[in-house]
Structure formats: structure tokens, C-alpha cells
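Below is one structure, written out as C-alpha cells; comments come after it.
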Amino acid sequence: MARTTTSWLALLLLFGAATALTRVRRQDDGGEADDQSIDELCDQRPPDEYFRLSTDGDCRDVVRCDQAGENGITRLASVRCPNGLAFDIERQTCDWRTNVKNCDRVEKPRKVLPILKTDEPVCPEGKLSCGNGECIEKELFCNDKPDCKDESDENACTVETDPNRAPDCDPTQCVLPDCFCSADGTRIPGSIEPNQVPQMITLTFNGAVNVDNIDLYEDIFNGQRNNPNGCQIRGTFFVSHKYTNYSAVQDLHRRGHEIGVFSLTHKDDPNYWTQGSYDDWLAEMAGARLIIERFANITDGSIIG
Ligand SMILES: *[C@@H]1O[C@H](CO)[C@@H](O)[C@H](O)[C@H]1NC(C)=O
Ligand SMILES: *[C@@H]1O[C@H](CO)[C@@H](O)[C@H](O)[C@H]1NC(C)=O
């Protein structure tokens, strides 16, 4: 249920963003003074960060710096959360008004970054500099525990910036057939052209089949997409019980899609599954199969798991 709510919120936000973007324009025709302040507002700010222009109002309006405009001019793209929702600056999403505790803040607190790249080393061998100039052991960076006084050692930990990231794949060490370097996961051994490589794509979906997604499945399986042998593409649907429209499941099965079970309850709690007994699993899986067979009238024994 929680997941359903979040994805709805994300959808609402996306929708809001899309409609708002079509309305993007220069703040007004005030000329340089405004451009100046937009540049100031947007200085050093990532383009995907939403912030408020003021804390007045009902907490639904935010903007972000949009650098995609023509002539490299930065504009403010505005987004308004739907009625009844407010924008959570910390989590960067719309949520129910009562869940948002930061309407009094205009922006996400900026994190202090460590000073990792300098012309001359600023710290002794084996140490790196925190944002405040303090030197600490390199190993302490990005270990999920703040060690710098300004906590900056945990603020630059992406795949590109983490000073303790794994070394780049070395093609002289990593050789076929045991090892192959593909930094972005798309390289093909022997530099073969992608269009010369057989590929298999599986389309699988899990969760409830209902009004929220039937149209999407119609779009994907629109009869225009074929396999190289001319047969139409098909998908596998791991169906959960709650909110499922079994009439739609029956229809999917009739049209040749594979139906599987996802579980009866679709519970998120990992403990429920790790500590579940044989009977729990039986009820979840075999129970779900029984229900699908009965409600979607799938009588050919094709639901295997
Ligand atoms: C259930 O699915 C069928 C088949 O796609 C559709 O005709 C029907 O309107 C759906 N029912 C509801 C309540 O969404
Ligand atoms: C269920 O499917 C069987 C075989 O496909 C068919 O004979 C039967 O009439 C169907 N039942 C319903 C209620 O549609």
C-alpha cells in the first residue's frame, strides 16, 4: 500500500512537472535584475533540485533551475503539487500536507564536500582532507559513519567520487574467458557490433493487473511488435491478488501471455518472508495459484510458479 501511494505521488509530481514545464518562461520581462537573481539562485545548484522562492503561501510551489533553454539561458521551471499536498524539500517530492514538516525552509541544506582534488597534496600520505581542512584516514571516507567534524567525509560517495571506490577494471588483468571489462555494462567481447549479436529480451511484470496498468500493457502488446520469426511478442505477468482485475488477467492469458504468481499478499516486510513457515509459503504461492486459476478461469494448468 505504501508503495502504491508513493508511486502515485511520483506520478502526480511528474504530471505536475510536465504541465509546469510547458509554462516555463523567463520570470518576467524585468530584464537584467531578474536574470541576475536567477543566476545567483542557480549558482552551484544541481538542475534537479527543487527549492522554494518563498515560504509564504500553501507550500505547494517549488522551482528548479532549468539550463536546457535556448542560448544557454537558465530559467526557473516551476512545479505545483496537487491540491491537498505540499512539497517536501528534504525528500524532494509532493506528499500529504500533514507529512511535510519543512514548509518553513526554502531549500535543502547544502552538504559540505570534502576537498579531494587539489594541485598540491594538503594532507600527509594516506589521509584526505575534510571540507574544513581537517585530515583523516582515507579509509574513513564513505564508510557510512561521519568522521570529519563537518561530516563531509560522507558527502561525496558516488561511483565517480568515492575515494575508496574499486579500482578501474584493468584490461591487462581482466581477460576472457574468466573476466571482461565493461565499465558501463554495454560492451560486447570482441568489439562485435550490437546489431550482429543475438539478444533475448524478456518482458515481465509483477503486481496487480488493473486500470492503472491495463492501458500500458495494451500499448506495449499492441500487435505491431514482432519477434524476428514473425510471431508477436508476449510477456509474463506475476500477478498478486490485491486490486487485481481477474477479467483482465483472463484476457491476458487468452491472448497468449504467460501468467505466474507473485504472492497473495505482496507484503514488503522482508522478515515476513525470511521467517515465513512452509505453510505461509504454501498459502502465499499455491493459494495465489488457486485463486488465479479460479477467478481468471485458467484451466490449462499453465500457471507453474
Ligand atoms: C477489468 O478488465 C476488463 C478487461 O480489460 C475491463 O473491460 C473492465 O472494465 C475492468 N474492470 C474494472 C472494474 O476496471
Ligand atoms: C472456463 O473455461 C472452460 C475451459 O476453457 C470453459 O469450458 C468454461 O465454460 C469457462 N467457465 C467460465 C465461467 O467462463
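Cβ coordinates come from backbone N, Cα and C, glycine included.
Predicted automatically and left uncurated, TrEMBL annotations should be read as such.
Within the set Cys123, Cys148, Cys157, TrEMBL assigns Cys123 as the partner of Cys135, by disulphide bond. Disulfide annotation in TrEMBL: Cys130 is bonded to Cys148, selected among Cys103, Cys148. Between the CA atoms of Cys130 (disulfide bond) and Cys157 (disulfide bond) there is a gap of 13 Å, rounded to the nearest whole number. Cys142 (disulfide bond) sits 11 Å from Cys148 (disulfide bond), taking the Cα positions as reference.
Cβ environment of Cys157 (disulfide bond): Phe141, Cys142 lie under 8 Å away, each six or more residues apart in the same chain.
You'll find the Cα of Cys135 (disulfide bond) roughly 8 Å from the Cα of Cys148 (disulfide bond).
In the predicted model, the domain 'Chitin-binding type-2' (39-105) has a mean pLDDT of 88.
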